[in-house]
Amino acid sequence: MIAVQNIGTRSPARIRRQWVRRVLWGVLFGLMVLIYGSHAPLITLTKVNGQVPFNPSSCVFMIELSKLLVSLASLVLTEGTSALQAPPPLLRVAPYAVPALLYALNNNLVVLMQAYMDPSSYQVLSNLKIASTALLYSFCLGKRLRPSQWLALGLLMCAGVCHSYSSLDLGDPGRVEAEEGPRIHITAWGLFLVLVYCCVSGLAAVYTERVLKSQKLPLSLQNIYLYLFGVAINGLSSFSFITGEKSFLEGYSGVVWVIIAGQTANGLLMSVVLKHGSGITRLFVISCSMLVNALLSWAMLGLQLTPFFLLPVSMIGLAAYLYYR
């Protein structure tokens, strides 16, 4: 009886469903990596005389608003308007304000840290959020990771550091001094802010996953709750920084709208990962996107790749094998 039951569980229909699920997750992962990796090169393409011509705060607001509208449309098409007829209990909606506040805090920390360190130091040290996310994932969600998985996440963090260092131009100090560019530096206050940033980043991802999985609600409805707070917080931020010199949509081009569309899709796809998968997958997406970023920068912007680039590629591949085997 046991043998017959085991054979039944490996029926062709079950195997087919497993393969379809794997293909769908692979497509989702690939799209997210492509969107993440193309973000920085696309922003570079929008620059005019070395400056971003649009208001970044208004761009973030438009992304949050787009995610809210898409979620609302998805809810109407899939679940109908019955889910919105009665006002939801405050205790059900309030938890979604926390991720919005954490992400808003992170966005402000990124700007604040630039005054206490150079961009290259930030790029290298921000990889510590892999460690903070893994620790919070294990502690807050009670997920026990195998030693090989901890090793994989360590390799993932080292790959990020190696990739960041490989992008630094340290070969010609004389030319750097002649250009009078910013030197590598970091203060004690800057180091403290980096640690806070990494902890907040990890906490935001872990808390969002916990909220999405703890409530038996349609994902589109949960996204509406989440992005309502995102629109409110980022709306206040964007309108407070707008001056009379620039209008809300001034400097927007076709590339800017592509960025908004891409980040909207990426946020919605990430909610699918956190709802039905794991926040650790997000770390692999971010790490793989660094490689896509480098390749697109080479193809679109003419930046040079060094043989050292192969090291983080190999480390990320090994990390993925160790974690998911």
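From the backbone N, Cα and C atoms, a Cβ is placed for every residue, glycine too.
These figures come from a predicted structure and were not determined experimentally.
Here the transmembrane segment (23-45) has long-range neighbours at 52, 255, 258-259, 262-263, 265-266, 269-270, 272-273, 277, 281, 284-286, 288-293, 295-297, 300-301, meaning same-chain residues at least 6 beyond its ends whose C-beta is under 8 angstroms from one of its own. Look at TrEMBL and you will find 23-45 (among others) tagged as transmembrane segment.
Taken from TrEMBL, the feature transmembrane segment covers 65-84 (among others).
The annotation transmembrane segment is assigned in TrEMBL to 96-116 (among others). Listed as Cβ neighbours of the transmembrane segment (96-116) (distance under 8 Å, sequence separation of 6 or more from its ends, same chain) are residues 60, 122, 186-187, 189-190, 193-194, 196-197, 200-201, 203-204, 207-208, 211, 222, 225-226, 228-230, 232-234, 237.
Taken from TrEMBL, the feature transmembrane segment covers 122-141 (among others).
According to TrEMBL, the feature transmembrane segment maps to 150-168 (among others).
When Cβ-Cβ distances below 8 Å are used as the criterion, the transmembrane segment (188-212) is approached by residues 95-96, 98-99, 102-103, 105-106, 109-110, 112-113, 115-117, 121-122, 125-126, 128-129, 131-137, 140-141, 219, 222, 226, 271, 274-275, 278-279, 282 of the same chain, each at least six residues removed from its ends. Taken from TrEMBL, the feature transmembrane segment covers 188-212 (among others).
Summarising the annotation, TrEMBL assigns transmembrane segment to 224-242 (among others).
Among the features that TrEMBL reports, transmembrane segment is placed at 254-274 (among others). Residues 28, 31-32, 35-36, 38-39, 42-43, 45-46, 54, 59, 62-63, 66-67, 70-71, 205, 208-209, 212-213, 219, 222-223, 226, 281-282, 285 of the same chain lie 6 or more positions beyond the ends of the transmembrane segment (254-274) yet place their CB under 8 Å from a CB of it.
Feature annotation from TrEMBL assigns transmembrane segment to 283-301 (among others).
The transmembrane segment annotation in TrEMBL covers 307-324 (among others). Counting residues 6+ beyond its ends, the transmembrane segment (307-324) has Cβ neighbours under 8 Å at 148-149, 151-153, 155-156, 158-160, 162-163, 166, 280, 284, 287-288, 290-291, 294 in the same chain.
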